[in-house]
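What follows is a short report on a single structure.
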Amino acid sequence: MTNIRKTHPLIKIINHSFIDLPAPSNISSWWNFGSLLGLCLMIQILTGLFLAMHYTSDTTTAFSSVTHICRDVNYGWLIRYMHANGASMFFICLFLHVGRGMYYGSYTFMETWNIGVILLFTVMATAFMGYVLPWGQMSFWGATVITNLLSAIPYIGTTLVEWIWGGFSVDKATLTRFFAFHFILPFIITALVIVHLLFLHETGSNNPTGLNSDADKIPFHPYYTIKDLLGVLILMLSLMILVLFFPDLLSDPDNYMPANPLNTPPHIKPEWYFLFAYAILRSIPNKLGGVLALIMSILILAFLPFLHTSKQRSMIFRPITQMLYWVLVANLLVLTWIGGQPVEHPFIIIGQLASISYFSIILILMPVSGIIEDKLLKWSL
């Protein structure tokens, strides 16, 4: 009698994806983030579902319904803060996952990488719309500022913004449609994740050396299921410490004030995970230019396969590119800091310099360093 695991039409798919999947024997903990992102997505969908049971998407009651969830619903405070901080954990894992892909040259798997870039855009859109739902001051003004950016599109801009708003300002119609989109998008993300995995399993995983690992594969279970379990433990511990001890550490105090269209907060800023892109947007004085720079700050990832000039896939044996990579990481941290600062001297010039260096490193310096390293390698042989 054959094993049901290998014959049943449905179980067979799970078996080939998570149990008998041939995986390289040398993948490090940087490869844990895929499974952690899956866990984050599950947490967000489950907590979001329970929040949606008590939330009302009406401008007059939205803020009160969130207060009601925290005060009156059984463990409502826990569900709400797990959802809010779960988003932060999601983005931490996302950035580390993308960073790993850049460092080890995973972007050479074109289909997997491009689906990943689409996923990143979709998750960012979902998080933005979710931030609007509590209908606090920063929710309202964040929605107003970000949606208003679309008015920079020539000819159709203003009409497009009013179409998205469902009126002449951010109001009830906007909140209702944002709630609808925020509810449906995680399921679209789940579908995209399946496609992402489908393409990944066509080629198999990359590994730290960037070399072909077909000659040295081990089954995913038990080796990497146990390894992933450690990551799950660390992630859940970090999330629960954040939720139970510092629930408001990453949120804006302004969002505890109900939305008031007549009172603008002194500093309008998005959640911390959008600050780097927000800093790039603000560093360009022209509105359309800023919007294009904002989009390009993420879309640039899709060009990485074409900007790869080295004969080696991974950065592990490429010291010059390694140095540039870590300068890029530091640069992103500077941009994140600048995004949270007011628009005044010296923050404006720091933001502009950081934005220029962000694009320069990716578009010019890294491809040039790849060519230089290849030449040095050729001369040393």
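Placed from the backbone N, Cα and C atoms, the Cβ positions cover glycine too.
What Swiss-Prot says about this one:
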| type | residues | note |
| --- | --- | --- |
| TRANSMEM | 33-53 | transmembrane segment |
| TRANSMEM | 77-98 | transmembrane segment |
| BINDING | H83, H182 | heme b b562 binding site |
| BINDING | H97, H196 | heme b b566 binding site |
| TRANSMEM | 113-133 | transmembrane segment |
| TRANSMEM | 178-198 | transmembrane segment |
| BINDING | H201 | ubiquinone binding site |
| TRANSMEM | 226-246 | transmembrane segment |
| TRANSMEM | 288-308 | transmembrane segment |
| TRANSMEM | 320-340 | transmembrane segment |
| TRANSMEM | 347-367 | transmembrane segment |
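On the structure: features taken from Swiss-Prot.
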{"residue": "H83", "record": "heme b b562 binding site", "DSSP class": "helix"}
{"residue": "H97", "record": "heme b b566 binding site", "DSSP class": "helix"}
{"residue": "H182", "record": "heme b b562 binding site", "DSSP class": "helix"}
{"residue": "H196", "record": "heme b b566 binding site", "DSSP class": "helix"}
{"residue": "H201", "record": "ubiquinone binding site", "DSSP class": "helix"}
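Taking every listed stretch (77-98, 178-198, 288-308, 320-340) in turn, the largest tally of C-beta pairs under 8 A with the transmembrane segment (347-367) is reached by 320-340. Cβ-based neighbour count (10 Å, all protein chains) for H97 (heme b b566 binding site) stands at 20. Across the candidate stretches 113-133, 226-246, 288-308, 320-340, the maximum count of CB pairs under 8 A to the transmembrane segment (77-98) is reached by 226-246. Panel annotation: around the transmembrane segment (178-198), residues 17, 37-38, 41, 44-45, 48, 52, 55, 57, 112, 115-116, 118-119, 122-123, 125-126, 129-130, 132-133, 143 of the same chain, lying at least six beyond its termini, place a Cβ under 8 Å from a Cβ of the stretch. Put simply, of 113-133, 226-246, 288-308, 320-340, the stretch with the most CB pairs closer than 8 A to the transmembrane segment (33-53) is 226-246. Residue pair H196 (heme b b566 binding site) / H83 (heme b b562 binding site) shows a Cα separation of 24 Å. When the binding-site residues H83, H182, H201 are ranked by how far their Cα is from the Cα of H97 (heme b b566 binding site), H201 comes first. Residue density at H201 (ubiquinone binding site): 14 other Cβ atoms are found within 10 A of its Cβ, drawing on all protein chains shown.
Among the recorded stretches 113-133, 226-246, 320-340, the one sharing the largest number of Cβ pairs closer than 8 Å with the transmembrane segment (288-308) is 113-133.
Rounded to a whole number, the distance between the Cα atoms of H201 (ubiquinone binding site) and H83 (heme b b562 binding site) is 30 Å.
Counting only same-chain residues at least 6 apart in sequence, those with a Cβ under 8 Å from the Cβ of H182 (heme b b562 binding site) are G48, T126, M129, G130, L133. Sequence-distant contacts of the transmembrane segment (226-246) (same chain, at least 6 residues past either end, Cβ-Cβ under 8 Å): 29, 32-33, 35-36, 39-40, 43, 78, 81-82, 85-86, 88-89, 93. When Cβ-Cβ distances below 8 Å are used as the criterion, the transmembrane segment (320-340) is approached by residues 99, 102-103, 269-270, 272, 274-280, 282, 310, 347, 350-351, 354-355, 357-358, 361-362, 365-366, 369-370, 372-373 of the same chain, each at least six residues removed from its ends.
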